[in-house]
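A.B. asks: The structure follows.
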There are 4 protein chains.
Amino acid sequence: MLRRIEADVRPQIGAGQVAAYIPALSCVDPNRFGMAIADLDGKVYGVGDWRQPFSTQSITKVFALALALAQGGDDLWERVGREPSGNPFNSLVQLEYENGIPRNPFINAGALVVTDRLQTLTGDASSELLEFLRQESGNPDVTFDPEVAASESDHGDRNAALAHFMASYGNIANPIPALLDHYFWQCSIEMNCADLALATRFLARHGLRADGTRLLPRRLAKQINAVMLTCGTYDAAGEFAYRVGLPGKSGVGGGIVAVVPGVCTVCVWSPGLDPQGNSVAGIAALDRFTTLTGLSVF
Amino acid sequence: MLRRIEADVRPQIGAGQVAAYIPALSCVDPNRFGMAIADLDGKVYGVGDWRQPFSTQSITKVFALALALAQGGDDLWERVGREPSGNPFNSLVQLEYENGIPRNPFINAGALVVTDRLQTLTGDASSELLEFLRQESGNPDVTFDPEVAASESDHGDRNAALAHFMASYGNIANPIPALLDHYFWQCSIEMNCADLALATRFLARHGLRADGTRLLPRRLAKQINAVMLTCGTYDAAGEFAYRVGLPGKSGVGGGIVAVVPGVCTVCVWSPGLDPQGNSVAGIAALDRFTTLTGLSVF
Amino acid sequence: MLRRIEADVRPQIGAGQVAAYIPALSCVDPNRFGMAIADLDGKVYGVGDWRQPFSTQSITKVFALALALAQGGDDLWERVGREPSGNPFNSLVQLEYENGIPRNPFINAGALVVTDRLQTLTGDASSELLEFLRQESGNPDVTFDPEVAASESDHGDRNAALAHFMASYGNIANPIPALLDHYFWQCSIEMNCADLALATRFLARHGLRADGTRLLPRRLAKQINAVMLTCGTYDAAGEFAYRVGLPGKSGVGGGIVAVVPGVCTVCVWSPGLDPQGNSVAGIAALDRFTTLTGLSVF
Amino acid sequence: MLRRIEADVRPQIGAGQVAAYIPALSCVDPNRFGMAIADLDGKVYGVGDWRQPFSTQSITKVFALALALAQGGDDLWERVGREPSGNPFNSLVQLEYENGIPRNPFINAGALVVTDRLQTLTGDASSELLEFLRQESGNPDVTFDPEVAASESDHGDRNAALAHFMASYGNIANPIPALLDHYFWQCSIEMNCADLALATRFLARHGLRADGTRLLPRRLAKQINAVMLTCGTYDAAGEFAYRVGLPGKSGVGGGIVAVVPGVCTVCVWSPGLDPQGNSVAGIAALDRFTTLTGLSVF
């Protein structure tokens, strides 16, 4: 089936624009395509460049959210909402009208609040996240890309603006330069499709980690899936629900993870992005996946 | 189970505010509560005031959308989006920034476009809708409430503004006074929980009507469910997905319908509304329903 | 001096775009240019097409405001503000954030409130206005252009939206279709530069009409000049103050009136508009006028 | 006349709220009132607390603008607009919609751009400004208040957000921490009414400094007056033009300077602010001043 999907979406591989907002991302080959499926027991099936590491970017926001909820519980929701944004993912407008409370944990402002919370809870947000991803993927080579982190930092004025703006409303607890560093490191983590499909499994397993211990209560795991469905693909969450019908989270590196609760996880990667910042071939592949399997939640 | 849910949510029945924007709605007893579940074969189970008709209001937007798609197909999506609004349900702001294309078919502006489309397709949008609801519910007494329709019309300046505003972008095809009449009639339809649960069944049956004929292709039925999940409860769709985890559509009359794809439909009614315009006890009851049954899509 | 100004601005005559939002305006020759100066005693000096009638459009908003204040006094300011808009002249966004109170009487929404007030005060707003303009200009041939009025009405959805939207906040007192008719008639009045310079004289004469009777107390005449300076040229009022430095009011027919308090009035006309809707050659001519004479208020 | 004005506005002295956004300002006695008039030759007349230093705050934005234009010319206008903002003085919304170009040099974002420009031109923006104010006022004791500067810095997250946000659009040239320091020092300068009236004289003298040398060409001096009239009093510039009718600039320390071109300058101080951030008694006093003298520009 993965080979059939790859064949079906071949015309769209290379379409769209590779992310160019930082130099470190702009030189990726737009013709790459990989896809991996992990079942509940950790067996992985892949096609194409599914073993090729890429920059996870915003996909790591899901794992940071899970860790912050696992360690700190529902208090987080007093500082960040759970509603779709209806605006581009780094908008200040809405933040101003809503007194420094970001709409959801997957827009940049909300992810900064999550990282700030995780930093308070753990003292080292980005290391905690990296360790989690290594354990869940079973791949000890998962690591930061210092070049990407530095490039993010060099072009980080908008995230700095978001952090200072929320701080002016009392919604940031840690010093902003350190917070931004953790945030940029978090965005720079490199993983491949297999790693990401495996690391996302706890959401298909209703909160159980790879080693069988419980990360999150069943309720919270379902709720993260709900937030992914309504908010996980920037300003195109409605379109993603409409076409794919699964909880998913995309990154401007071209990756997308999706969850079929109780069944499996999927990760697809192709660097060409649509105007909303989601992988063109990636969404097409997930669309084919749910069409062929009937595995949409709807 | 329905009796247990009713007992669990009893403290919240009467909480919130009865809709007061038109006089005809403001005199409803806030202590009413009814709930009904319809299985795929049309067997209905109910509790409380599940046989008491109430004003469906925005819930009918789902049926108007289904009819417009059934009769006219995907062309509709060139005139209305599928993204959550991130703004109150009758906002003009977003409409202005997006050149007269409403964000989704469930905000008022989008529903006006759907009604306009259905009017063009059928020549009599509100009668077409009424006939459909009578057939699907099996209740020939389903009808308009002329007092509510007149009251809507008397307080209809904001909807008139929306219609004229979209017309200025070329996104309204029919004469506005007639369009508004059809829209207000559509909002005024009275049904009870059993009627609504039955009428919604085609969405749990992947497009099949009560008589077994096909209203919509499987794909479109799933897609309507997706739009309900991301956009069905005004500016609280994220919260609804988070707490309830089902496609749902609410109305300011206090009713909510929800769909468990492939399993059943649910309708709950209680007139007290939260600040977002959704029934307080209704959401609590659906929250209990998915918690007790595990039937969330996540 | 007028001939020198005409020579200086000649390169800009024909620049910009003739207003195209209604067919009746789009066929005007873009190469027309006229300018007239009226002293306090009613002596008029002109150059170019200063005797050629053109569509006054928004310029009449000044006269409607003066009549509404003259007959009804300061109560008007409870329904419309006096602040620059910072937004395009027909924006609904700001109206929504400010509960149906338009920012100033010169944006379309504010002018609709003024016309609504004048209609309540006089029973026939547009005839009252026409009569006033005939008397002040001394030209009994000043009249409506029915073709322009009909064209405005045919393309009047946005103004209808504004009126209904304000009505939803209780800020419109008269029936909307009649109000819109008066508004469109008001916009359709044809005058030439001499007529307009003469008709504006009461603002340079601190409230005294052509016949020496008092239209407005000195205080109100000064205040209308203040509102013209801060709000009279759509979203370019700051630029107009910066370049010209006089109270002024423009119309999309290409006319601009300006007031030198205690000295004279000026009217210039040339149909090519800049992106803000102000006459390109008109602003250039007024810029030259204040530079040559030193008559800026600053 | 100054004594008469003081008597007339006595009921309003103490009205409004003293600025409380930084601790260093919140302890000022709300019952202070001072007013000074400086003629073109530098003779000063005063009443009340006209010799009492207060925190100039945003009033210094006028002088920073004049110095940046004097030394760098019109290039500044490519980086900052000249239009009233129509929004609160520290809004990010508008900045986002206009790609990092602030609407005018008197909102905080615009003043940051001006200070950034002055820093590039002089290498030490705040010292340059202080030296200018000492020379024009003839008072070598004019100085920074380090407690206010530190307090501004401690509560400077919103200004930091504005600076980073503009930097993300390429509209800030200097390192942001140093820029913010200069900006906060600039806001902390203490002066009395006599100092400020004298220092503002170059705007009444069409660009001539106290020592008779030319700071600005006549044109630029007039244009600064125009920007003050349309943008000088936060979101109440229209109201200020309407009531006072003079170019003016206010600060949240309770001071306001106003210019009567070719005649004199006025400075008034009283710490109680209206909701827009302007001195209540200060505006009332200027209103009386123009009413009694007829010196409004209109």
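Glycine residues also receive a Cβ, built from the backbone N, Cα and C atoms like all the rest.
The substrate binding site annotation in TrEMBL covers D:Ser58, D:Asn108, D:Glu152, D:Asn159, D:Tyr183, D:Tyr234, D:Val252.
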A.B. asks: State the three-class DSSP label for D:Asn108 (substrate binding site), counting H, G and I as helix, E and B as strand, and everything else as coil.
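C.D. replies: Once the DSSP labels are grouped into three classes, D:Asn108 (substrate binding site) ends up as helix.
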A.B. asks: Helix, strand or coil: which one is D:Glu152 (substrate binding site) in, per DSSP?
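C.D. replies: In three-state terms, D:Glu152 (substrate binding site) counts as helix.
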A.B. asks: Listed substrate-binding residues D:Ser58, D:Asn108, D:Glu152, D:Asn159, D:Tyr183, D:Tyr234, D:Val252 - what's their greatest C-alpha to C-alpha distance in Å?
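C.D. replies: Largest Cα to Cα distance for the substrate-binding set is 19 Å.
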A.B. asks: For D:Val252 (substrate binding site), what is the tally of other C-beta atoms lying within 10 angstroms of its C-beta?
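C.D. replies: Within a 10 Å radius of the Cβ of D:Val252 (substrate binding site) lie 23 other Cβ atoms.
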A.B. asks: If I restrict to non-local contacts, at least six residues apart, and a C-beta distance under 8 angstroms, what lies near D:Glu152 (substrate binding site) in its own chain?
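C.D. replies: In sequence order, D:Ile22, D:Ala24, D:Phe184, D:Cys187, D:Ser188 meet the Cβ cut-off.
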A.B. asks: If we count other C-beta atoms within 10 Å, could you say which of the binding-site residues D:Tyr183, D:Tyr234 has the fewest?
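C.D. replies: Candidates: the binding-site residues D:Tyr183, D:Tyr234. Fewest Cβ atoms within 10 Å: D:Tyr234.
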A.B. asks: CB neighbours of D:Ser58 (substrate binding site) within 10 A?
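C.D. replies: By my count, 23.
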A.B. asks: With every protein chain in view, how many other Cβ atoms are within 10 Å of the Cβ of D:Asn108 (substrate binding site)?
C.D. replies: 21
A.B. asks: Provide the number of Cβ atoms within 10 Å of the Cβ of D:Asn159 (substrate binding site), excluding the reference atom itself.
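C.D. replies: D:Asn159 (substrate binding site): 24 neighbouring Cβ atoms within 10 Å.
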A.B. asks: Helix, strand or coil for D:Val252 (substrate binding site)? Use DSSP.
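C.D. replies: In three-state terms, D:Val252 (substrate binding site) counts as coil.
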